[in-house]
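Got a structure for you, written out below as structure tokens; questions coming shortly.
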């Protein structure tokens, strides 16, 4: 963990930023986006780097969490003690059902089937006419915590997101270091040998998939509250691709890399979108170059320099 | 729902299936022979459509446009292969997915820059205007019949190329065991480039054909790409025969689903809700079919690779 000084520094910086004059609406909105996407990316990194399950449908679990908030909001349920468990539970259930099928396959098929399930979630969301359909749904208000409008406060929300991200990182790191995580990593390297010592990788992978999905659901809960808006676009396969990119950009195999990846991704995207008209024409090639030349990702760069 | 309407929809479904096959054929070969996931295959279809549309407009003839668009699409494919894809063959799937995702971002935006964001309309060539009588009192557009015929002819040609020529034999051998083919003294790199360029041209051909039927717009390749992936996964990666069967299946399921589902939903819901729910459910049908098939046959309907 000695190499983890950088992500800790990033978390500290995020924690200190509002106190150092970056507490404005624009900055906190941007940072909230960074932290929430980082949360989703860390959970995806847990899947990809830890269990070797390359999911191209992770945005779906985020979307399920977000839609749980929207649907409950439409029915006047805005109490976090009920909404948050619902968001996490719905995403976990979605992951359990889809994972049960998807994990039977491997490699390319797994990528494709998770993509297919993501598309199913996307089209389901577009069909929810009562909750905005294609256009999306605007929340009446942010979720309340025991009746108080805590999440409506910019600073409070900032630190809730920060806490959630730190918790996600700690949880995933602990899981990977545990016996459970060792089985996952062993199965990633050689599933046959794991079977030979008497363990079936399937339930381990499924549990990992469900955990990642549940974290995605929590991120979705926060995302819905951050933007007070939920739409099918957030479940699109492009979003899943972006999450994967954050993981790769940060470096597969280091959970905290995903945090760096998310920070770099969102800042780059925001900066380019503000300064270049056709920013995707710059962003796309950058992505290609990052994949071609930045093997090991940003975290690999950091570790190499200091290792 | 009358028999006539059903017949028309079935023909539309077959025709979508044929277009999907043209895109999926290149994809499945590239995938099968090189073990390379090319998400950018869809933008090659889009590029074909744009090239066809603007070349037809410039020359004043759809046919000249088609004739010129094919080599142009082939060259575009070759340029991409040399610049980007060649460097990805020995990388893992994750890297391939992301780098080609970057290419998609670039080209989708590039197309907007060159041709504008508004959809282009392509006129049906005068030779193929009007309709044919397929049943008493039922006209079907001649152009769509021609597309069906052209697609079937191409499929036949492809079958001949793959099953009856030396290059085809190498491609099949490559899909089964590429290292062995390479060990036997075949320049696998050249074979890759050949397959790749040919696949790009087929996708471009499908794009030109699709021009007068669908609108030519940025992002049009993405939908087709995902359906084409579904096709090759259902059909079995690397199998042309599988791609053909699966493409027709997907085309039929998608088109018939879209026309039947809203009516089916009306049994449970009121009209407007039924329309929206039906459309979304129909969009999901293809993915449900894919998940079901993969759950029972994880390697697809016609698996190629041994063991």
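Positions of Cβ are set from backbone N, Cα and C atoms, glycine also.
Curation does not apply to TrEMBL; its annotations are automatic.
Below are the features I grabbed from TrEMBL:
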type     : residues  : note
TRANSMEM : B:6-29    : transmembrane segment
TRANSMEM : B:36-56   : transmembrane segment
TRANSMEM : B:62-85   : transmembrane segment
TRANSMEM : B:97-122  : transmembrane segment
TRANSMEM : B:142-162 : transmembrane segment
TRANSMEM : B:191-214 : transmembrane segment
TRANSMEM : B:226-256 : transmembrane segment
TRANSMEM : B:277-296 : transmembrane segment
Which listed range (B:62-85, B:142-162, B:191-214, B:277-296) shows the maximal number of Cβ pairs under 8 Å with respect to the transmembrane segment (B:36-56)?
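Per the Cβ count, the answer is B:191-214.
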Looking only at the recorded stretches B:62-85, B:97-122, B:142-162, B:191-214, B:277-296, which one has the largest tally of CB-CB distances under 8 Å to the transmembrane segment (B:6-29)?
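Going through each listed stretch, the top one turns out to be B:191-214.
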At an 8 Å Cβ cut-off, counting only pairs 6 or more apart in sequence, do the transmembrane segment (B:142-162) and the transmembrane segment (B:277-296) clear the bar of 3 or more pairs?
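They do not touch: fewer than three Cβ pairs between the two stretches lie under 8 Å.
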I need to check the long-range neighbours of the transmembrane segment (B:226-256): which residues 6 or more away from its ends have a CB within less than 8 Å of a CB in the stretch?
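Same-chain contacts beyond the ends: 6, 9-10, 12-21, 23-25, 27-29, 31-33, 41-42, 155, 158-159, 162, 175-176, 282-283, 285-287, 289-290, 293-294, 299-305.
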